[in-house]
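Swiss-Prot lists Cys563-Cys577, Cys570-Cys586, Cys592-Cys605 with the feature disulfide bond, giving sequence analysis as the kind of evidence. Annotation source Swiss-Prot lists domain 'EGF-like' at 559-605. For Thr608, Thr618, Thr619, Thr621, Thr626, the entry in Swiss-Prot reads O-linked glycosylation site, with the evidence type sequence analysis. As annotated by Swiss-Prot, repeat 'FG-GAP 1' applies to 46-88. Annotation comment: Swiss-Prot describes 105-147 as repeat 'FG-GAP 2'. According to Swiss-Prot, the repeat 'FG-GAP 3' annotation covers 283-333. If you look up Swiss-Prot, you'll see 395-437 marked as repeat 'FG-GAP 4'. Feature annotation from Swiss-Prot assigns signal peptide to 1-27.
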Amino acid sequence: MAPSADPGMSRMLPFLLLLWFLPITEGSQRAEPMFTAVTNSVLPPDYDSNPTQLNYGVAVTDVDHDGDFEIVVAGYNGPNLVLKYDRAQKRLVNIAVDERSSPYYALRDRQGNAIGVTACDIDGDGREEIYFLNTNNAFSGVATYTDKLFKFRNNRWEDILSDEVNVARGVASLFAGRSVACVDRKGSGRYSIYIANYAYGNVGPDALIEMDPEASDLSRGILALRDVAAEAGVSKYTGGRGVSVGPILSSSASDIFCDNENGPNFLFHNRGDGTFVDAAASAGVDDPHQHGRGVALADFNRDGKVDIVYGNWNGPHRLYLQMSTHGKVRFRDIASPKFSMPSPVRTVITADFDNDQELEIFFNNIAYRSSSANRLFRVIRREHGDPLIEELNPGDALEPEGRGTGGVVTDFDGDGMLDLILSHGESMAQPLSVFRGNQGFNNNWLRVVPRTRFGAFARGAKVVLYTKKSGAHLRIIDGGSGYLCEMEPVAHFGLGKDEASSVEVTWPDGKMVSRNVASGEMNSVLEILYPRDEDTLQDPAPLECGQGFSQQENGHCMDTNECIQFPFVCPRDKPVCVNTYGSYRCRTNKKCSRGYEPNEDGTACVGTLGQSPGPRPTTPTAAAATAAAAAAAGAATAAPVLVDGDLNLGSVVKESCEPSC
């Protein structure tokens, strides 16, 4: 006689089955916290270095030109800060002190309501200038105080926008704006500064400020500036918000992506001559009904193409993978329901915080009307499929009551682990907060710092690291991202237990350098100099390109096309070979009806004449989350909504708020 079934076990079976399927439907939040707060030991709140004030954008550059990075903070109702890591004290210390004799005194700019900040070399002297976007007494349109562009001159930092030559030219912006970013639009090594203004009707178009070489005399310290936005094709009227720069559509030239408010996004494709054409609509990233905030660029699925991630204010967040269909570039949103869940987002940061090879995405939210915790996701690459998006535990960086306004990543203490610095403000004065990672201490890493022909940081350059086992990893040297911010000018690679084989840098002018990475160079910082003409005449040295790649005649690593190799790599039951970046896949010879063709992996038929496949089947859990996200987004658009503290009602009179909200 068979034993009777345990009734308790029978009741538990449905619950166990539910637990079994939950991780499959959506990446579950891991219990291990990613970050630990170290503010009290590294940057304790005080009057001089971490005042309780309204802060906004944050940038990373070498302010004192000693080879180490400083963290520059835009202070809105207080001074701007320049934080330097003191290795003896193991603390961040503000070097922009309130002493007129200090070479950094002018950077404080106590009168300015600074909101955005960026740094780059605009005159080719090898040292980065620092631009602060001020938005005094204005949410949009005309402000009452100009922006500042600081240059190290006469042994101190001075504002060159207030120079007589530039005052006469009327270059200094009096328009309210948000983000600023640096773009080497012609590949000259001299940068222009893109200013995302917040237009009011036909007042306050976006600007593009750069040095006028014909009117400048650098030997006498005269640096004449001009606005070339109209000439370059980027003079647009919009509610400018986030900006990010890099070779998005171009192979090397710097393109510009802007996520906007109350209007479509811009994707300015560099024509190769420093002029741009907006390709956002044709590429599928215009998102005209949402209100963009933080944005970042990365290659999330490691296919060698630059992808875009950004957050929408109380709207669905986007994770766009770049695709190529019949030779046309399109972006496809792969955001999961949890990832896309609307929130009052400000900063979006992409980095490998635990050095495990996979990129994380950090959403810095502002506690708006109620608590709003920050969120963290890992994007896990999958062979021949979309990445898996897994929600993580931010640990101390959760900050449910934080009024998040900005943030950056940098390794200020040189331990190979990225540190996270967050700024707060707008509706409540709060000090900065600093976090260190808790995971991945034993993982390998490599940091690459390319230089321009003048020796400055090569912002906008593309860095590809070829590895022994995990293929190619791509990074863009940041020229502005996050929202109001600019990350460190470093390509930081976490490698897990893998090792680098070679590295390749492509500058905005198309020049390239490839070199092997010795095993002894792991877990270090590599500086890559701009190539000299004589370097290109030498025979290329043999490169170790790693699995899936091989050295070509031009001396650089390229994807190996396994599909043309002999013997044939695919089995008989899957005879169609599809070459992919660093790999290949085999699929069946699927037959499709007229007007359709097999998709890339041969698992389905897709339309060739504009037909769209039906919606993907979703599990009950994913469907519920999708419905919840749609409901939240609908609620956000069905009634008057506050957009950064301002009613989004068009011409209707707006509620009072901080002008820079």
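Including glycine, each Cβ sits where the backbone N, Cα and C put it.
Within 10 Å of Cys563 (disulfide bond), as judged by C-alpha distances, the disulfide-bonded residues found are Cys570; the full candidate list was Cys570, Cys592, Cys605. Reported as a whole number, the C-alpha separation between Cys577 (disulfide bond) and Cys586 (disulfide bond) equals 5 Å. Its Cβ taken as reference, Cys570 (disulfide bond) is surrounded by 16 other Cβ atoms within 10 Å in the chains shown. When the neighbouring Cβ atoms lying within 10 Å are counted for each of the disulfide-bonded residues (Cys563, Cys577, Cys586, Cys592, Cys605), the highest count belongs to Cys586.
Cys563 (disulfide bond) falls within a helical segment according to DSSP. Cα-Cα distance from Cys570 (disulfide bond) to Cys605 (disulfide bond): 21 Å (rounded to the nearest whole number). In the predicted structure, the repeat 'FG-GAP 1' (46-88) carries a mean pLDDT of 98. Break the repeat 'FG-GAP 2' (105-147) down by DSSP state and the numbers are 4 helix, 14 strand, 25 coil.
Across the fold, the C-alpha of Cys586 (disulfide bond) and the C-alpha of Cys605 (disulfide bond) stand 16 Å from each other.
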